[in-house]
Structures are given as structure tokens and as C-alpha cells.
């Protein structure tokens with residue numbers, strides 16, 4: 001096989017098919033690495049795992065710069081008086097997150113789950129009140145712009161890019177062209193990085209399955225079934241209903257496209273931030289309004305947290321059922337609201353949704369000791385829970401953005 005054919009095989013054709021091939025090869029390497037270790041003298045899965053580490057690192061590195069220039073260029077070049085769809089998208093984000101939490105409450109009662117609490121996890125850094133979560137968000141907004149980029153504080157990056165973009169709307173055309181050229185240049189770099197996704201998935205799958213395997217999840221089958229089942233129900237029932245409300249036609253082709261193109265990558269990177277470039281590429285292919293998606297997708301990565309709301313709710317109710325506590329409907333409804341609010345701030349908390357479990361548990365008087373043990377359970381099942389949560393969160397960002405953009409096209413065509 002010559003070099004050009006090898007390059008064509010590895011980097012051209014359907015990205016989804018190439019990612020699927022990387023997934024299968026990763027599973028194969030994970031299965032054979034242990035038997036081969038004595039023969040070759042090293043763990044093959046650990047060695048190829050560096051490909052996944054490099055891929056995720058590259059995505060996370062380019063994401064802040066991409067957001068900064070893309071949002072700033074889009075707003076600076078936006079004609080004054082042009083209608084914005086951001087209000088409708090934010091409403092969908094918040095509504096989708098609340099409905100996900102509410103569905104999780106129902107699932108938690110229909111399928112009550114108990115877990116064995118034995119291990120403890122440090123919860124000292126967990127926020128103690130909703131106000132603390134909101135305060136963290138405010139601090140992230142007013143962060144130094146260079147610090148926000150260096151530390152990948154996406155709320156801060158978004159705030160500064162929006163501010164500068166609006167301020168530069170009256171700048172000269174030459175300045176606006178420079179911003180657009182920078183945004184285009186970063187987008188091309190993103191395209192190159194995404195072309196390496198099959199290698200990244202290959203490394204991530206091989207290392208993850210070899211390191212933890214699926215044996216560690218055996219004791220939490222019911223909890224995982226309720227968690228993942230609720231997330232799938234949200235992705236394929238709740239979200240399509242919201243999308244149909246906007247586009248007034250069969251939502252499933254769009255839903256499936258977003259799950260396939262965005263959700264699969266997010267599942268393996270386990271990072272909404274790292275998946276922002278993937279979502280922006282998908283939005284381009286869907287021919288969505290750049291001025292809309294360049295803002296809504298980074299924003300969604302920070303506040304559109306249906307998966308996190310489900311995780312917080314299900315694990316909190318698992319603690320409730322394990323302790324044999326009685327919960328009223330009003331308390332459950334309050335849990336939905338608190339979980340949705342906490343989820344929106346999950347991106348501003350180290351450890352994400354898991355470290356917000358003590359906050360939700362405090363609604364029912366559950367001790368920090370028990371809540372900390374639930375965090376430990378979350379880390380054990382994280383190999384599937386965190387991956388599925390991220391896939392739901394990230395794919396919904398581009399899904400809701402597309403729904404609102406398509407609604408606008410439908411209204412303009414009418």
C-alpha cells in the first residue's frame with residue numbers, strides 16, 4: 001500500500017465510520033493487552049492510550065482560542081439591528097435541563113435504587129449552597145481575560161469575547177476582516193485536530209477498558225441502568241418533543257445526526273469543553289447561522305447540563321432510598337429545581353456534577369458523610385455515567401441551536 005492510499009484510508013471518508021473502526025480496534029487492544037503483557041514486556045493498551053491523551057489535550061487547548069475569536073468575529077461583523085435567536089436557545093437550554101431533572105425524579109421513584117455505602121470520597125471542596133455555585137459563576141465571568149484563556153475558564157472567555165465583539169461592531173472593516181481571518185485560521189486548525197478523532201477514540205477506549213474494565217461496575221448494575229436509561233429517554237423522547245415544538249416536523253433525523261456526530265465523540269472525550277470544536281464543525285455542516293452557533297454552543301457547554309441534572313437527581317434519590325427516607329412530591333419537585341440550578345453551575349465546579357451531590361442531599365437532611373460516599377459511587381461508575389452524561393450534554397447544545405435556527409428559517413419561508 002503506497003503512502004497516498006494509506007493517508008486516504010486514515011484521514012478521508014466518513015468520520016463516523018473511521019471513529020467506529022477506532023472504537024472496535026480499541027476494544028480489541030484492551031482485550032489482548034493483558035495476555036500479551038508477559039510476552040512483550042509492557043501493557044500495549046497503556047502505550048496506545050497516549051493517543052487519546054494527546055487528542056483530548058489538543059481539543060481542550062484549541063477550544064478557548066476558538067471560542068474567543070469565533071464569538072468576537074461573529075458579533076463584530078453582525079449588522080446592527082439584526083434579530084438574535086439567543087433568547088429562544090437559552091430558554092430551550094434551561095427548559096431541557098429542568099425537564100431532564102424532573103424525568104430523573106420520576107425514574108428515581110418508579111425504579112427505587114439502593115447502593116452499598118462503604119467507601120468515602122473527599123467532599124471538602126463541594127459547594128454547600130446554591131448561592132456558592134452562583135457566586136463561582138459570577139467570579140468566572142469577571143476573570144482576567146488572559147487567565148480565562150490560559151485556564152480554559154469558558155464562562156470568562158465567553159464574557160470577554162462577547163464584550164469585545166459588541167465593542168468592535170463600530171470598528172473599521174479592516175479590523176473586522178482581521179478578526180474574521182483569525183477565526184477562520186483557528187477553525188482550520190480545529191478541522192485538522194478533529195480528523196485525528198479515530199486515533200484519539202482508539203487510544204481512549206483501549207486505555208479505559210484495560211485500566212478499569214467493566215467488572216468494577218457489576219455491583220451497580222441497577223443504578224447504572226436507571227441513570228443511563230433516563231439519559232437515553234431524555235435524548236430520544238424529551239429532546240425530540242422540544243425540537244418538534246420548534247421545527248414542526250419529524251425531529252429524529254436531526255436528533256440522530258447530533259447524537260452520531262457530536263454525542264459519540266463527547267462520549268469518549270468525556271469533556272463538553274473538548275467537544276465544542278466538534279459541535280462548531282457540525283453546525284457548519286448543518287449550514288446554521290454562524291452568528292448564532294458561535295455564541296450558543298460555547299454557552300451551552302456551560303449551562304446546558306441535562307446529563308448533570310440527571311446524575312445529581314438519581315444519585316441523591318439513591319441515597320434517600322438507601323437510608324429509607326420518605327420524600328414528598330413537593331420535596332421531589334424542589335429537588336428537580338435545585339438539580340437543574342446546580343447542573344447549570346456544574347462547569348464552574350471542579351469535579352462537575354458529582355461534587356454537587358452533597359448540595360442536593362442537604363435538601364433531605366442527609367449527612368455529608370453519606371453524601372461523600374455517594375460521590376465515591378459516582379467515581380466508580382464514572383466510566384459509563386460520565387461518558388453518557390457528557391454525550392447528552394454536548395449533543396444537546398448543537399441540537400437545540402439547530403432547532404432554533406431551523407425554526408427561524410421556517411418562519412422566514414412562510
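For all residues, glycine too, the Cβ spot is worked out from N, Cα and C.
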*Of the ranges 305-325, 368-388, 389-409, which one does Swiss-Prot list as transmembrane segment?*
305-325
*Contacting positions for the transmembrane segment (148-168) when only residues 6+ beyond its ends and CB under 8 Å are counted*: 60, 63-65, 67-76, 78, 137, 140-142, 175-176, 179, 273, 276, 295, 298-299, 301-302, 347-348
*Check the transmembrane segment (189-209) against each of 22-42, 54-74, 89-109, 223-243, 305-325 and return whichever range has the most CB pairs under 8 Å.*
22-42
_Same-chain residues near the transmembrane segment (54-74), Cβ under 8 Å, at least 6 residues beyond its ends_ = 148-149, 152, 154, 157-158, 160-162, 164-165, 168, 176, 179-180, 182-183, 186-187, 189-190, 193, 196-197, 199-201, 203-204, 269, 271, 273-278, 280, 290-291, 294-295, 298
*Hey, which bits of the same chain come close to the transmembrane segment (22-42), Cβ under 8 Å, at least six residues off its ends?*
48, 197-210, 213, 268
